[in-house]
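**Q** Marked as transmembrane segment by TrEMBL: 21-44. According to TrEMBL, the feature domain 'L,D-TPase catalytic' maps to 343-469. Sequence annotations record features per position, and here TrEMBL assigns active site, proton donor/acceptor to 423. Under the heading active site, nucleophile, TrEMBL lists 445.
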């Protein structure tokens, strides 16, 4: 080997020895650091160490157990910037470390925890105590649960004659039980702050795009177009628009009429249209307008039966006309809302005279004899009606002496509930009218000449009103009704 080659080789060997020594020193340094850090982590917790969710990294192992049970602050965030903050002291929180509790970690593994971010979440069963009543009180009085906006379902509104959808109100009312459950979990585990989700709130059940609401709108549009009219002569009464809508109540996918509200409406209709039991203005022959007492004549609406007729039309979802159902009826309803038209019998006790008008024409008139003016025998005043008709009837009663009597008549037409009626009185011959009734009046009936009784019997219908009044005297009581 040449001298030059030997020199080069010597230099290379020397350099290799230097490099080996350097790497050995580096390796020893790393090992030394690793061992020193390992010794340190034999007394403290490793990186990313948690106890029941609380970060206790780099804490002494004993203090780490204590830290996990120390006081804490907890915040619950909800909708509309509403929140609840809790300090554990507010609820007398305490957490006792379990007996024989210890943190058992491998200090040699610290590089893995540090480099890879490995998490060691240790669980210990602390003996936790807190005042639940104080928690309830604080939570209920917090911003989360005071002055809340209640959720409201989407629905239909009726405005300006048509239905429209009113959007749901989301509101900000939390579900108390769900929120408390989350808070209790945080108190007893990781003490983490809480952010409420939609599932933690009481939310509207019906939204504007729901199938249920769409079905309801279809039904509403049918109702919106409906008009239910009532066939009352003299009255323009109908159920439509807001009046109809105010009676609606939702039943599943459709609307129904609230029956109680419908009956209340029918009572209003009856109060307006019933004529029975009311005084009347009447244009008396040869006198002019007078006021006449009520009697058995008049119209009384059967409110329940008429309401049922309304329901029949409503359930068809079509407009229609209701024919009123009556408990009592008169002969006719007039265009002015009255019940005495152009066919009626008029009797003036003071003038002892009768007029029978039919279709606006005087059909027959006649003097009459009414009840004796002594108490108990007077003919009652008011508006009666022909209740029935009987040929060849026998009238029975007690006469002025107290004796029973039986009187046959050819034409009998009772006009009320007091036993009074129109009938022929052939025993009077031709003596009718004038002042006869003061001394030789009837037992209360309206005595007629036989031919007059016959004409009325044959031409006056059942329910024909009989208006009985006193124009210039005041002897008679009012009719029963």
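Including glycine, each Cβ sits where the backbone N, Cα and C put it.
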**Q** Going by DSSP assignments with H, G and I as helix and E and B as strand, what are the residue counts for the domain 'L,D-TPase catalytic' (343-469)?
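**A** The domain 'L,D-TPase catalytic' (343-469) comes out at 18 helix, 58 strand, 51 coil.
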**Q** Could you tell me the C-alpha distance between residue 445 (active site, nucleophile) and residue 423 (active site, proton donor/acceptor) in angstrom, no decimals?
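**A** Here the two Cα atoms are 8 Å apart.
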**Q** Starting from the Cβ of the residue listed as 'active site, proton donor/acceptor', draw a 10 Å sphere and report how many other Cβ atoms land inside it.
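**A** Step by step: centre on the Cβ of the residue listed as 'active site, proton donor/acceptor', count other Cβ atoms within 10 Å, giving 24.
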**Q** Please give me the CB contact count at 10 A for the residue listed as 'active site, nucleophile', counting all chains in the structure.
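**A** Other Cβ atoms within 10 Å of the residue listed as 'active site, nucleophile': 27.
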